[in-house]
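J.: Below are the structure tokens for one structure; questions will follow.
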Amino acid sequence: MKEELIERFTRYVKIDTQSNEDSHTVPTTPGQIEFGKLLVEELKEVGLTEVTMDDNGYVMATLPANTDKDVPVIGFLAHLDTATDFTGKNVKPQIHENFDGNAITLNEELNIVLTPEQFPELPSYKGHTIITTDGTTLLGADDKAGLTEIMVAMNYLIHNPQIKHGKIRVAFTPDEEIGRGPAHFDVEAFGASFAYMMDGGPLGGLEYESFNAAGAKLTFNGTNTHPGTAKNKMRNATKLAMEFNGHLPVEEAPEYTEGYEGFYHLLSLNGDVEQSKAYYIIRDFDRKNFEARKNTIENIVKQMQEKYGQDAVVLEMNDQYYNMLEKIEPVREIVDIAYEAMKSLNIEPNIHPIRGGTDGSQLSYMGLPTPNIFTGGENYHGKFEYVSVDVMEKAVQVIIEIARRFEEQA
């Protein structure tokens, strides 16, 4: 199993599938189409049926039941795309067998080193086989680790028919990293009662609470004149943006929050005297606090409009997804089975809220309750990203055990 995990994963990450927020196509990048087509062929080779890829790049497949019991149809999902935060082109995965727990020089020429001082969890992987980058790209374990694990688990179940299971549906979705993953997902065609998203992090991760999320685009309009004669004439749009940001609580930013704490995050700011644009994301687990944060944004805008004029600040704000807990609670047994599956494999479940987005959040509100399970990756979205193959193997075992338990309990 370990060899198959390494072979598939290292091959998959070399395909550039970064999504593109500025694109209006679906998927947003051709690499995702290329990858999807490859997976269609490999799913068929493994032995799955009803393998499809629609015009929007969504890949679906079926592992038929091998039991006569009336078992609910369950799904396993992962996403095709990788993050846009750092380059994902020309990924060169580096395999470190029997890792000694010490610092790893990723790139000697550029002096890029993965150190326990910077990443304290690193020594806990001593003895594992880990896969890192070469320091010049992200790795893409988010979410090609999860995708690989699903492929390997399906292959294992097909070759081990003594493990009884109901019908299993598999789906690989595009554009998750830019929040568009479920936009064209056909829940009815997928046909599962519920699903598990293989898109988590370290060993034991089991997540069924997510942020409530919104995005806010602010355009600040200034008046540019010659600075030598600017008195009482110039209005500096960049300073308006700075003023707006100054009204937000400093301590309620990502770098100062954890656990169940929400935040405002200035994702980008660019412009000049004439016009500046800022993009914020707003996050909170509590729906009332979430609405209060959006009201704070709106109130600051109103205050600045009263001070500088209606055209000085233009706000576009939209909700992105909601806390999936509300949709998971009525079918809590899907969490319980995943929890029990981990315990039976001597994995200690680590239940914590997702401080980020996952397709599962939106899918849960579309009628497909979808908690999130660990995949074995660390330090996603950057050059220090790595994955433990040993933990990936555990994730495969969890998928298999979940399928087995649903059949056993039917």
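Placed from the backbone N, Cα and C atoms, the Cβ positions cover glycine too.
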J.: For the Zn(2+) 1 site that Swiss-Prot lists with H79, D142, give the additional residue from the candidates D22, D54, D186, D199.
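T.: That Zn(2+) 1 site, as Swiss-Prot gives it, pairs H79, D142 with D199.
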J.: Please pick, from E108, E109, E177, E348, the residue that Swiss-Prot records in the Zn(2+) 2 site together with D142, H381.
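T.: Looking at E108, E109, E177, E348, the one Swiss-Prot places in the Zn(2+) 2 site next to D142, H381 is E177.
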J.: Write out the long-range same-chain contacts of D199 (Zn(2+) 1 binding site), meaning residues 6 or more apart in sequence whose Cβ is under 8 Å from its Cβ.
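T.: Listed in sequence order: L77, A78, H79, D142, D143, G146, E176, T358, D359, G360, N372, I373, T375.
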J.: Calculate the distance in Å between the alpha carbons (Cα) of D81 (active site) and E177 (Zn(2+) 2 binding site), and round it to a whole number.
T.: 7
J.: Most Cβ neighbours within 10 Å: which of the recorded positions D81, D142, E176, E177 is it?
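T.: For the recorded positions D81, D142, E176, E177, the Cβ with the most other Cβ atoms within 10 Å is D81.
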J.: Say we define neighbours as other CB atoms within 10 Å of the CB. Which of the binding-site residues H79, H381 has the fewest?
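T.: Comparing Cβ neighbours within 10 Å for the binding-site residues H79, H381, H381 has the fewest.
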